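The compositional bias 'Basic and acidic residues' annotation in TrEMBL covers 1-11, 238-249. Look at TrEMBL and you will find 12-32 tagged as compositional bias 'Low complexity'. Sequence annotations record features per position, and here TrEMBL assigns domain 'Saccharopine dehydrogenase NADP binding' to 53-160. The annotation region 'Disordered' is assigned in TrEMBL to 1-32, 230-272, 361-384.
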Amino acid sequence: MTDSAPRHPDASADTSADSAADTAPAAHSAAAATAPAAHSAAADTTDPAAVDIVVFGATGFVGSLVAAYLARREQAGDGGPTTVALAGRNRDRLARTRSDLPGSPDWPLITADSTDVDSLRAMARRARVVITTVGPYTRYGEDLVRVCAEEGTDYVDLTGEVLFAHRSAERNDATARDTGARIVHSCGFDSVPSDIGMFVLHRAVEEAGAGPLVAVDMVVRSMKGGFSGGTVDSLRAQSEEERASRDAARLVTDPYALSPDRAAEPDLGPEPDLTVASLEPTGGTGWGGPFFMAPYNTRVVRRSNALTGHAYGPRLRYREVIATGSSPVGRLKALVLSVGTKLGFAALTTPALRRPLSVVVPDPGEGPDEASRESGHFHTRHQGVTHDGSFFHADVAAQGDPGYVATAIMLSEAALTLVHAGERLPGDGGGVLTPATGLGAPYVERLRAAGVTVTAGPGRAPQDR
């Protein structure tokens, strides 16, 4: 198979060399401070080459879901006038993908290759925003994000790879600030529920005047969805780099690996990614066990906090867990989950086990059928406590498989936010950003309109229930 839709580290990135070469990235800086007018209206359609959104990886599994979602939005007249193009290496496959879309839209097809920088640059120059689902991003994404930053083209992806996101920020942030490009990583199940949940939680705290947060747990209360070959491919790509480089291994385990200034971060002692914890200190009940996406999501949230001047809290302790129920059974389940998660990571990233596991692990590019995708769901809750002891919570939930259906919604609406939100976008222009800092409140509004639950408000201490 070619393209795929991983859950972690890349919540839904389409993978493999073929998929990378079978797609064509482009991006455009959404609310660039240097060119706000460019974000106040749709692309100039008098120029036949100009489009609002390019879907790079459109023939892959998740790329095709994104294209279908955008086509349905267009068919229904939702979301504002938006011009879309499909991009990839193989024009015939792109044409077949387009013909299968709802309403059979007459969208332009763009031939480009993730290994051909000139084709990527030409793509970026045609688009306001590039959606890319081609991963692993450490293999196939670095040239694309660079040319988007250089060309002032906004960009959204699905990465859950610490090393890729770190390098992107290190190499492209200054350029993107200069050109106004909004480079917004991790706009799928990695890491929208985490980052946007934290964003609305903080807004509720701010509105209540309750002061900075000191501890927040993001608790996965329920989740049903498949695990894809693309996820495994991305996980393996990062682990290979960790084995080859001690510096890479140290970076991946640093809780503040994505923070813009490591020296400005607090020393809170150990901050383990895969943890077993009581949920009572932050206003919950029972126990939580390791959440396999925490090693990436937590770093995105910490980057958002840093990019906003540590507005969430200067000494915020943030972690993510899966709810396992009340003690003592809940604690036992959490401990079993901890062992299983660690063994699972080890097995999936051990080269000698790759062939034996191929019997049960799907190939990159494969995904569940429509009935399975539609039967999925997720519900996360951020529960936090402020410096004065006040409790708050925020909920993010959606129907549909998190790594496929929900991810297609979240990624598409991120791009549409960049196209249509204009001066309402947060911050003062471009840079390597997060969903919270690059998309903010306009994105929350679009998610809600698309059927994603996003709420926040005061909570109660466990003893008051």
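Even glycines carry a Cβ here, placed using N, Cα and C.
All annotation found in TrEMBL is predicted automatically rather than curated by experts.
Counted with DSSP, the compositional bias 'Basic and acidic residues' (238-249) comes out as 11 helix, 0 strand, 1 coil. Taking DSSP states H, G and I as helix and E and B as strand, the region 'Disordered' (230-272) has 26 helix, 0 strand, 17 coil. Sorting each residue of the domain 'Saccharopine dehydrogenase NADP binding' (53-160) by its DSSP state yields 49 helix, 23 strand, 36 coil.
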